[in-house]
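Below: one structure, written as structure tokens.
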Amino acid sequence: MKIIMLGAPGAGKGTQAKKVAKKYNIPHISTGDIFRANIKEGTELGKRAKEYMDKGELVPDDITIGMLLDRIHKADCKDGFVLDGFPRTIPQAKSLSEALSKLNEKIDYAINIDVPDDSIITRMSGRRACLSCGSTYHIKYSAPKKENICDNCGSELVIRDDDKPETVKKRLDVYHKQTQPLIDYYDNENILANVDGTKDMEEVFLDIVAVLG
Ligand SMILES: [Zn+2]
């Protein structure tokens, strides 16, 4: 069960990826985690990635895919994995397909969590964060007990720059340009499943489980 999760930033992709991983007892793999692990362990690829990151440059795809291939061939991936946040572009998707096909492997499912931009902007604008302890809230879905005050440490909550409508719109623009084409790409590979991401989290999850069986 090799799964890729697709969806706009704020569509709930990461949350669903974690739930899928738990239910099917397969690892949830994000590129951020892979980078951190490789850098911490001082692997050859990790060292190369760090050089780019230290310069503030994007890590080239071949390094990322190299790390990814290492990761998905660890023992805990024998029953599959859920990839979250990769691939993000058509060239990355093609490189991943090529690398896997050389090993006689392939992705089994690409699950697209479909949420219109308007809903994403509304959702994200309700997020609040505590900069002191890192707790996060949502004014509608997980409100703090006292308005605008962190339950955990009593600090005042803020809207992170990442969650401001103008930032969200910019990220959505990038998503539409770079990542949305992957929906057609995986549709052509006959592994795409669209799931309505506007439903509540549990319903979205049940829809995903219905796809995976
Ligand atoms: Zn706090």
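In case you wondered, yes, glycine gets a Cβ from its N, Cα and C as well.
Keep in mind that this is a model prediction, so the values were computed, not measured.
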126-163, 164-201 - the one TrEMBL records as region 'LID': 126-163
Top Cα neighbour of Val59 (AMP binding site) in the set of binding-site residues Gly10, Arg127, Cys130, Tyr137, Cys153: Gly10
Listed binding-site residues with Cβ under 6 Å from ligand 1, out of Gly10, Cys130, Cys150, Cys153, Arg160: Cys130, Cys150, Cys153
Nearest of the binding-site residues (Glu57, Phe86, Cys150) to Tyr137 (ATP binding site), judged by Cα-Cα distance: Cys150
